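Engineer: Pulled the feature table from TrEMBL, pasting it below:
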- 11-205: domain 'Succinylglutamate desuccinylase/Aspartoacylase catalytic' (DOMAIN)
- HIS20, GLU23, HIS115: Zn(2+) binding site (BINDING)
- GLU177: active site, proton donor/acceptor (ACT_SITE)
- 218-299: domain 'AstE/AspA barrel-sandwich hybrid' (DOMAIN)
Amino acid sequence: MAASCRLKPLSSVAVSGGTHGNEMSGIYLAKHWLRDPMELRRGSFAVTPFLGNPRAIEKCERYVGQDLNRTFTTELLSSTEAEDEPYEVGRAREINQTYGPKGSAQAFDFMFDLHNTTANMGACLIVDSEESLLPMHMCHYIQTHYKWSPCRIYLYKLPGEETYSIDSVAKAGLALELGPQPQRVVRADLFAQMRALMACALDFIELFNKGTVFPAFEIEAYKITGRMDYPRYPNGEISAMVHPKLQDKDFLPLHPGDPVFQTFSGEEIVYKGDTTIYPAFINEAAYYEKKVAFAKMEKHTFSIPGLQRE
């Protein structure tokens, strides 16, 4: 294990609900906290809840022009305002100005982003990379102290890819992804789980700020390697659906030769990869337009150095 690392204490933390306007747990949690922020309060730092995409929330749609959570690239954030640009591009600039600027010393210390998925992901903790020290320690703390359900770690950034999510505006971030929950629906059980996960994460920050020394550890996480599209007819329509034996098997091993799709006439299509993968976001409703049937993940064990405040 590497030597312990020291980071500055956190003073400014933001929480986005409704980055996607039809994912209801985070929307109603953020609205609740905007009315009554008491449960967010800790002694050593301030927490600011906000609604990520107000227009999409009003319409109860994922977005109105383009996916806000893919809009925080340097190119888009630095682009000149245009009359015909999607609403989310301007909204991303506003968020970057308020909670960033991205990559600057003035940016918020941490941002949480609250999501739901229609896939059977359970409680999932999404981090850009295993190299993000503070979020990885937060994930480890949550896995150790949150007893409601297992919490898998999803590392979303491909090699050489720029971070593009809303929480990348802050110095560090974590997205909570809870499912399965239908779009436009709020389930009380997942609402309560998201609330408890947030409480656990804020407790970790408070302990870190107060000088708790977090030792090095090894941790299992799932790292994206690519995405699998549905089989398609020449006109672009899908020609098959997720196979019943794969449906709801997020984060479970998929071996070469295992069934992945079933055509509408009932024929089986098998996985032709060379190695075992661990699919996630299987049959996610929001990803049909993105031509993604599931994310292809590898399971790794990472060694994370110890952490304490400066």
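The backbone N, Cα and C atoms fix where each Cβ goes, and this holds for glycine too.
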Engineer: Would you count the other CB atoms within 10 A of the CB of HIS115 (Zn(2+) binding site), including those on all shown protein chains?
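Structural biologist: Other Cβ atoms within 10 Å of HIS115 (Zn(2+) binding site): 26.
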Engineer: Which residue, out of the recorded positions GLU23, GLU177, shows the minimum number of other Cβ atoms inside 10 Å of its Cβ in this structure?
Structural biologist: GLU177
Engineer: List every residue in the same chain as HIS20 (Zn(2+) binding site), at least 6 positions away in sequence, whose Cβ is under 8 Å from its Cβ.
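Structural biologist: Those within reach of HIS20 (Zn(2+) binding site), by Cβ under 8 Å and sequence separation of 6 or more, are GLY52, ASN53, ALA56, ARG62, TYR63, ASP67, LEU68, ASN69, HIS115, ALA286.
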Engineer: Report, in whole Å, the straight Cα-to-Cα distance of GLU23 (Zn(2+) binding site) from GLU177 (active site, proton donor/acceptor).
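Structural biologist: That comes out at 10 Å between the alpha carbons.
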Engineer: With DSSP, how much of the domain 'AstE/AspA barrel-sandwich hybrid' (218-299) is helix, how much strand and how much coil, in residues?
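Structural biologist: Within the domain 'AstE/AspA barrel-sandwich hybrid' (218-299) the tally stands at 3 helix, 33 strand, 46 coil.
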Engineer: Tell me, what is the mean pLDDT of the domain 'Succinylglutamate desuccinylase/Aspartoacylase catalytic' (11-205)?
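Structural biologist: Average per-residue pLDDT within the domain 'Succinylglutamate desuccinylase/Aspartoacylase catalytic' (11-205): 97.
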Engineer: Using the Cβ center of HIS20, GLU23, HIS115 as the Zn(2+) site position, which other residues in that chain lie within 8 Å, going by their Cβ?
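Structural biologist: Here the non-site neighbours turn out to be GLY18, THR19, ASN22, GLY26, ARG62, ASN69, LEU114, ASN116, THR117.
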